[in-house]
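S.K.: Sharing the record's features from Swiss-Prot:
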- 177, 178, 179, 180, 181, 182, 183, 184: ATP binding site (BINDING)
- 164-334: domain 'Helicase ATP-binding' (DOMAIN)
- 490-685: domain 'Helicase C-terminal' (DOMAIN)
- 280-283: motif 'DEAH box' (MOTIF)
């Protein structure tokens, strides 16, 4: 190689050294100094792994003093290059810059610069980069983005609500599904969509204290959303890092009590500029016209400041009209400002609901009914639609569906309130109760008697709680030496039940963690029963492992022993046997226990076993729950109301179980109250709202479409390719499970989303649902999204050289494969990727500029090519540099037409879609006041900004591959 002192070269094998300068040479060796690192390298002159750095007219270069030069001309003087051009900071022309004075930290970012500088990537990395571009672009445009990646069953009514609400600007809605229908999952899906699309970045979730960990677990395990839990300690710590502690995290969960308790803390919460606020158990926010509660006022303050609000609440009818109005008032105080007016309005919706019922029944409509429909809809040109709906023509059903849709749009609260009921949703199992009456051991009788004497001053409530758990009373007196499990007949019964049902999975729930731990030891030591334990003292990872062991079919635990708090937020639909070792204090907790198994998607009827001790509070409670509330075999929406009204009497019976006088009357009166309230709820059902919330056929199709996308084999192939190239170890464990672990030779030292000790993954939704320790990999999973970002945000795979063995072409024939990206820059919240995601345009050019890409498909072509090592590649590039420059010029002239077509299509699609949405809502605004002005303004502003951004769209070369034909 011809070396001259002062020339600039770059190392082919150590490009991180930057630009080197020739500082010494003799007949056989050359020495390069790399000023940016201060290191020297000695190379053999004849075959050194270095590439001469030469820039061309049109390039911009940086001097060692930091100023930049746009090159107009390149001269050579005594073997050294001199660049002549315009200095960018002073705009001075004819400025010269000798190559020896170039900035040594020069980074080659353009693919062509990297190629000419000898920074040649492996061929498989180029292929991965192209696939990453192609798949990322496709995924951005796929329908239902944000709904495909969560670890949940594809349940139509949940998907319907999430799809409707998740795409809105700053949604403000009330989610009021009945228990067991998945409000938390619906909220999570909405959050996931909003965060993934960029519509929201900062989210605050406020929940009752007992549900904080449940939400934390659900958001992480189901949606891969890592929330920070703020309590007093965390808040104090964060004060050291920021004036407003809540600005240290993007996603925050805190309790309602924590938010309300301290005035400054509430101010900090209000000032933290959240995009979305989620409030669970919103029915506990007490409001009246004269005296709203402090909790209500705290949430009201936040709701005034946060653009998007999701309130999760029990069914509205359970709580009374005023309570329901109070929640709607939080969502839109301008619209819901007068309670009397609201009550009147609700009455006026009855004809609308009747009209919908009429259409759905499918019967022929009378002239009066047709006229009533016309009046209700109030649209011009509705006559043909009414005639079609009332005919025997093929389009009759479609016309009826359209009329129902038009009525829905005019229905008062359909945009702000969603409520599904078990009556309207199929897929729930039956619940069967099996009570087992057992004698009270003498040891317990003695302990209870002594406790009664010593605790005479205790309140009735405290005595009632004690009487529910006689083993705790006994243990208190006996201390560590007390072995209640040796004589408690419930333990004997449990062991007998488990040994006679060894093939069945059984969930056992008890109130206390200590009880669960003691039972596990007894079952293991006495009968060798495999039992996993699950309690609040365990970390999330430990609970995951316990749940996974329980979920394993053949080698897993037969029984899972849960404490009351430990089981929150976990569902075990694969089991259908529930044993309640004791009973909880109130009907909400009872429903929560049964709800661990009684979820939508449960395949079997649920067998509920309650072994109880006679003459204890358990014997009182089991009768009251079953005979008074029917709470074991059916969900009990009336439970809380009756519990509150019967509380004083019930507590006395629980505190003194032997006093049974009048208990039958209490049960009878509670049952009558239950039946009356239930009938009242049924009568008050809003059928129209249920139809709207349920989604009907549309929701079924949505679930089916996502299920079809689950079968995308491209994902598995791409993910494995990505893991191979990044350097992540993969260990196939069978059962559709793969263990990923970091290796010592990864592309990056710390791959985002991959724990240090690795993780288990699956591509199968069913496996992910039964194995909580396995992460469900989809295109939306952080591992894949981070992998795409890692490849595409850097220069991995952006320049390479390959050989094509093809005797039909002359040896030395050049082809250049160019991958351009057409894109527009815009703030994430505009969601520009719906219309123009970064889109790859592939070209395969010969030296005459003929584009062969349409005839030669990428994957087929890629398989015909072979790799070249970097050193040989650098020599090839130097030999054909001028030809490659010429082909690149031809590519630049051809890309404009393709790019312009893509941009024009995107602009047309965006205008049609956003203008259509705006027109539809503006037309509806006239008949439905629940469409907010700020929502209309946001859509209009969004449309203008999107079109403006698309006008600024451009293109750039993202990757190139030089292909040289050989016959060997």
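Placed from the backbone N, Cα and C atoms, the Cβ positions cover glycine too.
The shown structure was predicted, so the numbers you read here are calculated from the model rather than taken from an experiment.
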S.K.: Among the binding-site residues 180, 182, point out the residue whose Cβ has the most other Cβ atoms within 10 Å, with all shown protein chains included in the count.
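M.R.: Output for this query is 182.
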S.K.: Mean pLDDT for the motif 'DEAH box' (280-283), rounded to an integer?
M.R.: 87
S.K.: For residue 178 (ATP binding site), just count the other CB atoms lying within 10 A of its CB, please.
M.R.: 18
S.K.: Which chain neighbours of the ATP site, leaving out 177, 178, 179, 180, 181, 182, 183, 184, have a Cβ atom within 8 Å of the mean position of the site's Cβ atoms?
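M.R.: Other same-chain residues with Cβ inside the cutoff are 186, 420.
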S.K.: Counting by DSSP, what is the helix, strand and coil composition of the motif 'DEAH box' (280-283)?
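M.R.: Reading the DSSP string over the motif 'DEAH box' (280-283) gives 2 helix, 0 strand, 2 coil.
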S.K.: CB neighbours of residue 179 (ATP binding site) within 10 A?
M.R.: 19
S.K.: Let me know the DSSP-derived helix, strand or coil state of residue 178 (ATP binding site), please.
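M.R.: Reduced to three states, the DSSP call for residue 178 (ATP binding site) is coil.
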S.K.: What residue among the binding-site residues 181, 184 has the most other CB atoms lying within 10 A of its CB?
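M.R.: Ranked by Cβ atoms within 10 Å, first place goes to 181.
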